[in-house]
Every structure is written in structure tokens, then in C-alpha cells.
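Take a look at the structure set out below.
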Amino acid sequence: MNLHEYQGKEILNSFGVEIQRGIVATTPKEAVEAAKKLTEQTGTGWHVIKAQVHAGGRGKGGGVKLAKNIKEVEEIAGKIIGMDLVTPQTSAEGKRVHQVLVAEDVYYPGDNEPEEYYMSVLLNRSTGRNMIMYSTEGGMDIETVAEETPHLIFTEEIDPAVGLLGFQARRVAFNLGLSGKAFKEMTKFVTALYKAYNESDSSLFEINPVLKTSDDRIIAVDAKVSIDDNALFRHKDYMEMRDKREENSVEVEAKEKGLNYVDLDGNVGCMVNGAGLAMATMDLIKQAGGEPANFLDVGGTADAERVEAAFKLILKDPSVKAILINIFGGIVRCDRVAQGVIDAYKNMGTIHVPIIVRLQGTNADIAKKLIDDSGLDVQSAIEFQEAADKVKEVLS
Ligand code: GDP
Ligand code: MN
């Protein structure tokens, strides 16, 4: 589950990580109130107005703007709220902005120039350990840094048995070239950040930029946080942070119906039982010259109701030109699935794309007969290859 910047910062703050403080607003009027409140709390007269959408690169797209007085807060918030923000990480249509974070300006002038760093905590899948990845090149695309100046990216791996050790936090601060107060602040920052990542069961905490202010404070200016869905049951308070408006609407609906669905770009819808078979089916579709339009695992009980729900989900995608149903009857009997397909089809009236059903396993022959005798525009297959050939046929 991905979070908004303001939610990520709330979590960081609860673990003692210093953040750029802010208040979320859904209207220009609320933004003005937020700015006034922040001025009372922090003494700042300048504010940054930041679009809250699940996409990075907001600054480049005009979704992060500095306001030097209350009038500008109102104007800028009015422009950003309701806009379709296009960034390098969104589609061409962009993402609708429903709310902004009104934050204190932390790039204030002082003894030193403010400096931006990059820092993230994530799982290194090849070693199976968490790591802190960081760089002096903050504020910009880390992918670009990785490509052009990979020697400026450092990593610190954490032994799960002992956790992050003091010398490791100090090494991070050292490699970032810090000394004195900033060095101490950075070791505190890194320690608290790792604790936040670990105890919130997250899969990613990306802070870009981490800022060294002109008076040598170290603070999180941005926060990209992903919490592991499988651990959400342990964090009821985080569960409430889910913003369904930011997620794929078909995927949200599928989740509510208990179906495992991932939207993809292709033209062949698939309905399969079991994740492994679903992956194999997607390969099959590719081999036949098509592209899967989705991953869909209907699970063990493919009754008429589930099949119908799955049909409806698949058909919401206008690029679907054919549907391949591939079910292995192990626990569930093929004839029951076939009956489910037939009932669902009849319930839905007409379906305007060809359907190929491959049922293999217990009672596969009875199932094939049911489908063939149903009089519906559904083609049946028993072998994997046969199904692939039929997909190829209907696509050409
Ligand atoms: P992103 O573009 O989606 O990654 O959003 P960020 O939160 O990282 O903000 C983008 C950029 O806005 C930062 O890299 C900063 O350069 C700038 N920015 C953020 N906060 C402030 C602030 O308080 N004052 C000023 N002057 N600039 C800021
Ligand atoms: Mn950023």
C-alpha cells in the first residue's frame, strides 16, 4: 500500500524523525488557515504548497510551489487543487489532485547553504537483507544518478539479527561529508528512519531530499512510503490511510470481491485458478501472439457468482479482444466450473468478445460436453496448446 507524502511524514514523525512540518488542505480556504497555523507554530512566513498524489516528480510537473505570503498560498492552492498533475511518473492524462500539503519553507537562508541528500530504506532481494541506500546527489532522480554517477550511491546493509548498529549510522553521516552538529543530527536521523521502516513493516521508505538546513538541522522534506500489504493487519491505524482514489479502480473492486487481479496493458483477458497457472497462462497468451490484459486468480472456488464477478471485471477493460478461461480442476470439479461459466454467461446476456475455456482435471470431459452443448458462443479446449491455438485464431 502506497501512502501520500503527508501520511509518510506522520509515520516518520511518530518515530522521532525530523520532518518538514505541514498541514493538509482540500480547499484554498483550508490552505490559508493551515498556513496561518503553521506560521504560529513554526514562525515561518513562507510556505510550500505540495500536491498530494501517489506519484513522484511533482516538482517538475508544477505540483510543488513556494508561496511568500498568504495571498500566494490561496492562489497557488487554488491552482493545484483540482488540477490533473502530469509528472514523469504519471500517465499523459496525469493524476487529479484532491489535496495539498501546506508546509513550512525549510530552505531559509543562514550560515551555510542548504544541502539536499538522497536516502531510502528497502529490502535488498539478492541478499535478503534490508539496506539503506544514500547519496550526496539528492533532490533529483536517483535513477539518473545511478546511471551517470553510480559511484555517488552508497549502501549500508543491516544484519537482521542485530539491527542497525551505531557505527553504520556514523558511516552514513561520514560518507555524506558531514561534520559537527550536522554529523550528529544525521546519525540520529538515520537511526530513527530505520526504526520507522522496520517497525511499520514497510517495503520502502524513500526520502528525497533529506535536507541539511542552513543551520545544520537534518530533516525529511519528502517521503515516499510503501507498507507491506501482508503486514497491514498488524497496523489498523495505517490501514485507514489507504486512499482508494489513487489506486486502479478495477483492482480496488477486485480486492473487495476477494479476487486477485492486476491490470495489464494487453488485449486478452484471463481468468485462471492459481497464481502459478495464471503466470503460465500469460506466457501462453504471449506465445500465441497476444498480450495479457490482466492477471486474475479466481482462487479455489470458481462458482457461478465468482466467475460472473470475474467476467465483469475483465470486460471493464475496453482493450480486451478475447477472454481465455484456464481452470485446473483439482479441488474444484471441472463440470461445476463449466456450469458456473454457462450460468454467468446467461446472467450477463451477451458478451461481445470470443471466449475460450480450457478445463483440465477432474470431470474435464463432462465439462467440455456441457460447454459444447450449451449453445453459447464459447469455445472449449482441454489441452494447453489447443487453447493457445484458439486464442491465436480469434485474434487474427
Ligand atoms: P517531488 O518533486 O515529488 O519529489 O517533491 P519534493 O517534495 O521532493 O519537492 C520537490 C522540490 O521542491 C524539492 O527538491 C525542493 O527543491 C523543493 N522544495 C521542497 N520543499 C521546499 C521548501 O520548503 N522551500 C523551497 N524553497 N523549496 C522546497
Ligand atoms: Mn522528492
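Cβ from N, Cα, C; glycine included.
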According to TrEMBL, which candidate in N267, N273, N294 joins G330, I331, V332 at the substrate site: N273
10 Å Cα neighbourhood of N208 (Mg(2+) binding site): matching binding-site residues from G59, V106, E116: E116
E116 (ATP binding site) - helix vs strand vs coil (DSSP): strand
Residue with minimal Cβ packing [other Cβ atoms within 10 Å] among the binding-site residues V106, I331, V332: I331
Least Cβ-crowded entry, counting other Cβ within 10 Å, from the binding-site residues listed as G59, G330: G330
Candidates near ligand 2 among the binding-site residues N208, D222, I331, V332, judged by a Cβ under 6 angstroms: N208, D222
